[in-house]
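Reviewing the structure listed below.
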Amino acid sequence: MREVISIHIGQAGIQVGNACWELYCLEHGIQPDGQMPSDKTIGGGDDAFNTFFSETGAGKHVPRCIFLDLEPTVVDEVRTGTYRQLFHPEQLISGKEDAANNFARGHYTIGKEIVDLALDRIRKLADNCTGLQGFLVFNAVGGGTGSGLGSLLLERLSVDYGKKSKLGFTVYPSPQVSTAVVEPYNSVLSTHSLLEHTDVAVMLDNEAIYDICRRSLDIERPTYTNLNRLIAQVISSLTASLRFDGALNVDITEFQTNLVPYPRIHFMLSSYAPIISAEKAYHEQLSVAEITNAAFEPASMMVKCDPLHGKYMACCLMYRGDVVPKDVNASVATIKTKRTIQFVDWCPTGFKCGINYQPPTVVPGVDLAKVQRAVCMISNSTAIGEIFSRLDHKFDLMYAKRAFVHWYVGEGMEEGEFSEAREDLAALEKDFEEVGAESAEGAGEGEGEEY
């Protein structure tokens, strides 16, 4: 088996995790107490879902995951929520005091007390696997726990499980909507270790997903639950091929191979289509070509970033539901002819497609319509660079005055770490510029003229 362990860190990670496991359980017909009624074995007795669930002798299905937070309230919601019987109590780890939006508290003082316990639990989960293929890490980089403890845990995972791939689903601070003043600090410090210790990081931001909810689902005042359920659909589509059988299945390591041209450039845009409310879906026939086009719309992106400002380096399309390879090939051919969607000239093909026959499931009572087919796109575009330049700019404004820095230094950080992380991101911005620049020969000539 190719198992995957999910790690949910901090409030954002845990709440996204709740939405994901809720959806997985629905997709596999697993009840909130972990039982799977035998008449409803969805894969016809096939055990592909064991990549995400382990089965006990009593026939209970336990998620291969761990929830980790430095303060108890969010984890307590899981402990008392609908799915409290699904998780093993040891999988829910919470500390006593908060990271207080402070990267240094999450990474140095409070985080290091809990990280060994977490690694111990992860070790138990890993021993329970026959062929662990990697980790999915869910966190946000604006707060203290997700950024500080998140990067600490990733660093430790690199030491303990060097060869296993790590996929991050990371909520980045939005351009306009902010939940903390020190977000730019936390994000820059955290991205510094994401660069080093994740293989692929899918970027999400709340503002972009709010806009999608308002625009496509007609929700006037979206809540975090609405956002998380949308994110869960994306993650479910990505992992569907690990959990079901299909015509073109995609492994976790395949993502890396196809999406990451250079190790540092592994920050991805994601989008999902069709996002459509139940009332509208009744009147629309969503063909493969239509949903493929929708996935490339700038408005479908799950992070505030306009792909028209950059070029695509690679792109992964994961279809699910009633889709055949012929339709996919036709849609991709159409996309290639569009002038607006530009690829870098050193990457001529640029598309990786996956097809899975399990149609998308929706959580009952939720705003998304039940559709026959859906597509999730993960793409590597040079436009992602603008997210980092936006962050860096905010970081610089604060750091020039050394505002709020004493909170970090007081928790045992050194000021040098700020400048080190900032330089690393400056280098990343430069990497994005160079990758998007004209072709290989052009670069060579330019250098010749300069010297």
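Cβ atoms here come from the backbone N, Cα and C positions, even for glycine.
Pulled from Swiss-Prot:
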| type | residues | note |
| --- | --- | --- |
| ACT_SITE | Glu254 | active site |
| BINDING | Gln11, Glu71, Gly144, Thr145, Thr179, Asn206, Asn228 | GTP binding site |
| BINDING | Glu71 | Mg(2+) binding site |
| MOD_RES | Lys40 | N6-acetyllysine |
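A simple Cβ count within 10 Å picks out one of the binding-site residues Thr145, Asn228 as the most packed, and that one is Thr145. Annotation for the recorded positions Glu71, Glu254: lowest Cβ count within 10 Å of the residue's own Cβ, Glu254. Look at Thr179 (GTP binding site): DSSP puts it in coil. It is Thr179, among the binding-site residues Gln11, Thr179, Asn206, whose Cβ has the fewest other Cβ atoms within 10 Å in the structure shown. Within its own chain, Gly144 (GTP binding site) has Gly10, Leu70, Asp98, Ala99, Ala100, Asn101, Asn102, Phe103, Arg105, Gly106, Asn186 as residues 6 or more apart in sequence whose C-beta sits under 8 angstroms from its own.
Residue pair Glu71 (GTP binding site) / Glu254 (active site) shows a Cα separation of 36 Å. When Cα-Cα distances from Glu254 (active site) are compared across the binding-site residues Thr145, Asn206, Asn228, the shortest belongs to Asn228. For the binding site of GTP, formed by Gln11, Glu71, Gly144, Thr145, Thr179, Asn206, Asn228 according to the record, the largest Cα to Cα distance is 22 Å, rounded to a whole number.
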